[in-house]
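S.K.: Okay, handing you the structure first.
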Amino acid sequence: MSFFNFRKIFKLGSEKKKKQYEHVKRDLNPEEFWETIGELGDGAFGKVYKAQNKETNVLAAAKVIDTKSEEELEDYMVEIDILASCDHPNIVKLLDAFYYENNLWILIEFCAGGAVDAVMLELERPLTESQIQVVCKQTLEALNYLHDNKIIHRDLKAGNILFTLDGDIKLADFGVSAKNTRTIQRRDSFIGTPYWMAPEVVMCETSKDRPYDYKADVWSLGITLIEMAEIEPPHHELNPMRVLLKIAKSEPPTLAQPSRWSSNFKDFLKKCLEKNVDARWTTSQLLQHPFVTIDSNKPIRELIAEAKAEVTEEVEDGKEEDDDEEIENSLPIPTNKRASSDLSIASSEEDKLSQNACILESVSEKTEHNASGDKFSTKVLNEKPCPGEPENAVELVGGAVAVLPDRATELPESGREEKRPKLDRLPDTEDQEMADINSVSEGEEDHAVTSETNIEHNLKPEKERDQEKQPVLENKLVKSEDTTIQTVDLVSQETGEKEVDIHILDSEVVHAVEDTHEKLRKDDTTQKDVISDTSSVGERDEEIGAVPKTAESSAEGAQGDGGKETDEGAQILISKATEGPKASGTEEAPPVTEITETNDTDQKLVENTHEKQLPISSETTLDTSEGLGASEGREVTESGSTEEVEVEGAVSETDEEDVQSETRGAPMAVTQMDTEKNETPHEAPAQVEVQVPVPPQPSEPPPAPIPSININSEAAENKGEMGASLNTETILLPESESQKENDTDSGTGSTADNSSIDLNLSISSFLSKTKDNGSISLQETRRQKKTLKKTRKFIVDGVEVSVTTSKIVTDSDSKTEELRFLRRQELRELRFLQKEEQRAQQQLNGKLQQQREQIFRRFEQEMMSKKRQYDQEIENLEKQQKQTIERLEQEHTNRLRDEAKRIKGEQEKELSKFQNILKNRKKEVLNEVEKAPKDLRKELMKRRKEELAQSQHVQEQDFVQKQQQELDGSLKKIIQQQKAELANIERECLNNKQQLMRAREAAIWELEERHLQEKHQLLKQQLKDQYFMQRHQLLKRHEKETEQMQRYNQRLIEELKNRQTQERARLPKIQRSEAKTRMAMFKKSLRINSTATPDQDRDKIKQFSAQEEKRQKNERMAQHQKHENQMRDLQLQCEANVRELHQLQNEKCHLLVEHETQKLKELDEEHSQELKEWREKLRPRKKTLEEEFARKLQEQEVFFKMTGESECLNPSTQSRISKFYPIPSLHSTGS
């Protein structure tokens, strides 16, 4: 076995080397350096702990993330790199990072103030505008720094903005942030939290054509500002996935009540929430906006001090009452007259419910309450109850008769809208005043304070609100420089009663009212309401002085003490309308908060455990402008908590009994109303005074009369409807004669004037409409009610402040927490999904990039290989040609040498023969000379020798020259032959070389075309892969969305089942109590009108009992039918929701397929265009190549021609060959 196989078996050296990161310490135990001292929370990807450095004692927030692999570890490197690279006072700093035992520890700067959303939840109210300004400016500076460093945060929200104890903010959570490499780089990832996503980010879910840049953070900033102003972001009532469609298609969100906020704030939001990205301002531009010119962070320091204050909690149980206490003696109440146009019109279902309920003959009185909380009024019938009137539960509270509306049989929203009185829309400048008495909007947490002798808070059951599916509405707090307006407007949807608590105060004008929880248990009902305006100090004083004449004397007691305290600067009572966080369909009970600011010399705390209530008796009608309550959708009165701030100086605490004695029987102070002059006349009087005495009961001490309610209509100007505009100095209070009522339960609209009614018939009406087949009774509510009292003590700028918050604790609180937890779970699931999608997208992008690199590398290799192949062939051809030429030249040289030798040999022989002939001739001359005489012989010999020598020399030269010419001719002929042969070979070689070059170019062109095709196919396949992943991710999101929808629907069904079970269980008890009460009252009426004999009375009683049994049976059947209808409607609604969801999902899938088809088509068109352009460029390339070949061929021909001619110009010139083989001349020959 080889060593390499051995290594494979034991995996020696095969382990992948761990990647080292710059800011992450590996294989070091973080617990050796940091001590965990507590848990801060549970994030989407792991727990967050509070840690302390063992050496420096520096605190840190340690995020511990379980990472299974190196690939998962890389997902968090972007966050760590961004944190490490950022150095800004408003961005959290990275203190340390460890990777130990598959856990990634990220230790960041600890911010003790907590997140903005957590502070709002803790204090149960949104931020004020000054606080928002501070947060906004510092957040803008942080964003501007990030954007300058090419970083997009992509998850900006209140939960990611942290407070420090110094009153500054730190931007955190860069888990989904993007770090670009270029300034103008854009992104196309669908990532972030839906509620805060910019429209261009939302569009990336189905289309990557329009990527986004840094301005996506600016949109998120605008949404975050709305979140801080209203506790929840816009569209928070929607599912996290479904809100995306809302963002993409609807107009940019705005503040729910713009009039409560400054114009700078609204303009700033407008600049942030601009759907057109090009028109949206950048962070640097926004920093120049006047909204963020604030320099001090004092508002945040006060906020943090309050949020981090010491909290003392106290739970008070509500008193229990027996069922028998419901039965009250008749009250001497004057009868009311009813207008002929106010006849009740009941729905068909209510006809069936109450057809047997009209037993007693006379006028009945009914206080109805709008189901949406927008209006309520008192209705009086001058005939016996019609069969169509709803059967509503009635409680006798403090002598007043209240009728419980039928919550289960509400009309649909459109029906409510049609029945409401059409009220004039108030201008924005008067929204503050109108908001003070605006009704609680739909789905809001309504409260009533009611009992036998006092008024207590009564909460509507959470389940009924869920059933109604009313939108969750938010509260807004308005704060100007020197005036704070806070309002509490409470409606009990159980009793139809509405209590209005209005406190408008500034630093100079104060009206204090006390109503402690103990007073609610006193014999007399004491109620006060303080009303002031939002104008300047002088205007307020004038307005407060404008109390109706009939109420002045009794109002003095209520206002006198408050005025005294104001003059002395001792006590300030501020009622702040705040709101607890609300999940979809749920709200929290608004607690009453009291802030007591005491100086060092006097540390007295005045408790105010309940809101001041405006009693709504049977003669009063309260209505409000629908334009504010319904259309605006959010009211100050929808708060989850109400704070009353009381600052005490050296004034002693007012005794509760004194306050009671002063306020007992005193009317409520009411400001005058300025109404429009063109209102229609009404038959009701201009001023109405109502007194409802309460007779003593056997089980209780004799109660005092209910305080009179004086309403001045200001010379009967308010004669028509109530929706007239108000000026900025007034606060509208209800006038019973001008109100119209919309009863959503029975479809009945009626008005009542302020005449007296007959109690017997009122009770009869009450009994005929009682409890609406199982609605929660007041006694049940009182038994379930607990009051949670929180007291916060903290110091702001050396002044100790105490805040007391009283909140009624019901099941709705836990339900709210549960729904908020479920919503967080949904967001967490979405975050996980996004993280998985991002990882999968990164993996796919890496894979596709690798594929592109591989194919381009292959293209290059193929091209180089093809070129190398043809270059090699051309080189071989040239080498072969060279060798051939060299061989031929060698052959030609050898042949020429041989031929020259041969000719030379022949010429030498001929020359030798010629020389022999010359010798013979010389001999002959010698012989001839010898024959001459001797004396002449010597001279003749000499002369004849000279002649012979000359002639022979000339002959020999001629002979040699002739031989040379013959030799040159022969060699020339041979050379020409060789030249022709070489030219042919060169031409053939050039042709072969050009053919190879043509083949090379053709192969290159073919390769280029094939590469274009392959590149197109690859890009097409990659595009399909990308869209396949998008479809897969979209389907996963749809599955998650469907799963969440099914869970939501299942919760609704379960809640409805539980509520129906409770109603079925309550109905027999209610019926028994009713039967007992009705029988007692029937017998009492028989005793009063005792004209018949005892037998006749017994028969009437039997008949009444039979009718009661029949009525109860009908009630049970009606309840059963109602429950079936409710379940059927709910199931239909759930099915409709699922269908709508599937339709939206199909639209998204269809849109994605359309985008894919469009992109594929564009890709094909691009390929066709590219191919066309390539082919167009190919023709000139071919032409250029052929021209080059022709030029080279011509050059070769000219070369060979010129060479041949140059050598033939001088025939006597020796050739290159003959030069080396000279013919011997006469000088070289022997003689």
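Every residue gets a Cβ built from N, Cα and C, even glycine.
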S.K.: Can you check which of 309-351, 782-824, 825-867 Swiss-Prot lists as region 'Disordered'?
M.R.: 309-351
S.K.: Tell me the Cα distance separating T810 (phosphothreonine) from V48 (ATP binding site), rounded to the nearest angstrom.
M.R.: 31
S.K.: By Cβ count within 10 Å, point out the most packed of the modified residues listed: T810, S814, T1093.
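M.R.: Result for the most crowded candidate: T810.
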S.K.: Find the average pLDDT over the coiled coil (822-1065) in the predicted model and report it.
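M.R.: The average pLDDT of the model in the coiled coil (822-1065) works out to 85.
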S.K.: At a 10 Å cut-off from the C-beta of G46 (ATP binding site), count the other C-beta atoms across all protein chains.
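M.R.: I get 17 for this one.
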S.K.: Highest Cβ count within 10 Å among the binding-site residues L40, V48: which residue is it?
M.R.: V48
S.K.: Should G46 (ATP binding site) be counted as helix, strand, or coil on the basis of DSSP?
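M.R.: Note: G46 (ATP binding site) is in a strand by DSSP.
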S.K.: Among all the protein chains here, how many other CB atoms are within 10 A of the CB of D42 (ATP binding site)?
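M.R.: Here the count is 11.
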S.K.: Measuring Cα to Cα, how many Å separate S814 (phosphoserine) from D42 (ATP binding site)?
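M.R.: Rounded to the nearest whole number, the Cα-Cα distance is 20 Å.
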S.K.: What does DSSP call T1093 (phosphothreonine) in the simple three-state scheme?
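M.R.: Going by the DSSP assignment, T1093 (phosphothreonine) belongs to neither helix nor strand, so it counts as coil.
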S.K.: Through the lens of DSSP with three states only, how would you label S814 (phosphoserine)?
M.R.: helix
S.K.: What does the structure give for the C-alpha distance between D42 (ATP binding site) and T810 (phosphothreonine)? Integer Å is fine.
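M.R.: Rounded to the nearest whole number, the Cα-Cα distance is 27 Å.
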S.K.: Of L40, G46, T1093, which is closest to T810 (phosphothreonine) if I measure between C-alpha atoms? They're all recorded positions.
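M.R.: Its closest listed neighbour, by Cα, is L40.
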